[in-house]
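Peer 1: Handing you this structure, nothing more for now.
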C-alpha cells in the first residue's frame, strides 16, 4: 500500500538556515537556572533561546557621551518584612507553647539600685563619636542592671535578725540562749578557744570567710578552717606578734613581728622576711590593688606590692607613733588615727594627706569604716563614740559617751557596729545596709573572760570573732553578714583549682596604686576645667583658634585626581595658607601695638644709642 508523500518532504534544505550551535558544557562557576522545571520536562540542560536582533545606531567617533552612574542618587531603604496578622505562638523543640514569651519583666525599683551610671550628668560639647560610645555604654549598663534585677529572684537567702517578744530587750539575751534556739550547724559556730598561755590574741578572717588566722602576743601563730575545725598550720615564732593578716588568699599569711615583717604560707613555712618594714604596729591589705599597708612606731606608712615584692612608697605622717589604722573598702583609702585627736586620709599617690578630720579632744583609740565607705566610727580618750559622714562633709552624725572608752571597733557587712570596752563587747544595729547604726540602745551585749584585744566580723556568716587575753571567742550575731555571696569573687566552697584560676584572674585585673583617690567615680569623668585650660594655652601658643573655623573638605575630581595623597596635599596647602594669613595678621597687630605705644620725642633732642632699649 502506497502512502501519500508528505508535503515538502522532497524539497531541498534551505541554504541560509543557521546551523544548530553546539551545546557548551556547563561549568561549576556558571549560575544555575533558578526557574523550576515543568512537570514531565527533561532534566537536561535548557535550550538556548535566540535573541532578536536590535538595530543600534552607531555614534560618531568625535562625540563623547557621559556614562550614567549605576548608583542611584536616592538612598535605598530596605523594605520591612510584612507582619503577619495572626502570628503563630513560639514553640519549643518538643512542640510545647511557651506560656511566658519574651524576657522576664524586672521591677523598676529593683533595677535602679544596680545602676552605676548617672544619666543626669551630660558631657558638654561632646562629639558624635564620643556621644555614640556613651550611648552604647549606657545601653549596656541598663541591660546589666535589668539582668541583675531578674537574677535577684534567685537569691533566696534573707538576712535574719533578732527580735524580742513583747518589748523584750535584746541586749539581755545571752549567747547560750541563742545557741539553744538555732539549729545544730549554726550552734557549732559558737565556740571558745582557751589559750591563756600565749595571749592576748589578734585575729583575722579570710575574704571568703572560711579560714581564721590568730596570733598571740607571745609568739603563737596558727591558721585553721574554723568551720570544720581543721588546723592548717601552727608555729611559734619565738617573738612578739603585733598583728596578723591574710593576703589575697588563705595560702599566704603576713605576720608583723617585733622586729620585721614576715610572710608565711599555709603550712607555716617562712617565705620572706622584709627588713625594710620594721617595728610594725598595724597591718591592712588592699585586695584589689595587692598592696599591704603597714604602720610603724617611727611614724611611717609603707605600701608593699605583694605581687612583685617591692615597696611602692613610704610616707612620713609626721605625727609620732602610729598604732590606729583602718582602710576604707570602697575607695582603698587608709585612715590613720593620731594622738592629737585627728584622723588623716592617705593615698600612695600623694605625699601629703588627702584630708584631716578633727574627731576628738583626746587621742584616737580605734576606728572602723563600713563596707559602703559612707560612715566612719571613731572612739577616743575622751570616752566618746562618734559616727562621721564620709560623703564629702566629714561631719559627725551621732555621738555617745561610754563609761569606758572603746579600744576596738568593727563594722559588719550589714552595717552593725561592734565595740570592745574592757572585757565587754557591745553591738549596735541600724536600719540595714548603707544606714548608720543607732547608738541609743545596744543590740547585743556579751562579757568575756579577758580584755578585748581584737575584733572582726566574719564575712558571709553571722559570727563575730573576738580576741582577748584568754584566747578566741566566736559569737553568734544574727543579721550581721550578707547572706548571698558572689561565687565568682568570694566563694567559701571553692576548690584548689578554682582558687588558682581566681588568683590568675585577679592578678590580670589588678588596679594600679596611682588610681587610689577619694572619689573612684571621678576616674571615669571628663575634666572639663583642664580641657578648657589646655585649649586656652593652645590658642596662646598658635596665635589663633584652630577650631573656630570648620575644617576644609576638598571637592572630589575626576580622572583619578581624588586619590588619598592628592586630597591630603590639598588639605595641607589650604591649612598652610590659612596659617600664614593668621600669622601675618598677628604680626601686624603686634607692630601696630608697638607703634601706638611709642611716645613722641620732644623736638630738639638728639638721638642716642640707648634708644633701642626703650621698647
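Even glycines carry a Cβ here, placed using N, Cα and C.
Remember, TrEMBL labels are computer predictions, not curated facts.
If you look up TrEMBL, you'll see 1-11 marked as compositional bias 'Low complexity'. Residues or ranges marked as compositional bias 'Basic residues' in TrEMBL: 14-26, 70-83, 113-131. Annotation source TrEMBL lists compositional bias 'Polar residues' at 60-69. According to TrEMBL, the feature compositional bias 'Basic and acidic residues' maps to 540-550, 574-584. Per TrEMBL, the feature domain 'BING4 C-terminal' maps to 442-520. The region 'Disordered' annotation in TrEMBL covers 1-139, 540-615. Feature annotation from TrEMBL assigns repeat 'WD' to 357-391.
What does the local environment look like for each feature on the list?
Peer 2: Within its own chain, the compositional bias 'Basic and acidic residues' (574-584) has Cβ neighbours under 8 Å at 543-544, 549, 552, 554, counting only residues six or more beyond its boundaries.
Break the domain 'BING4 C-terminal' (442-520) down by DSSP state and the numbers are 17 helix, 22 strand, 40 coil.
Long-range neighbours of the repeat 'WD' (357-391) within the same chain, counting only residues 6 or more positions beyond its ends whose Cβ lies under 8 Å from a Cβ of the stretch, are 324-331, 335, 337-345, 397-411, 413, 415, 417, 419, 433-434, 436-437, 439.
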Peer 1: Same-chain Cβ contacts of the compositional bias 'Basic and acidic residues' (540-550) under 8 Å, 6 or more residues past its ends?
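Peer 2: 578-579, 582-583, 586.
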Peer 1: What is the average pLDDT across the domain 'BING4 C-terminal' (442-520)?
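Peer 2: Average per-residue pLDDT within the domain 'BING4 C-terminal' (442-520): 92.
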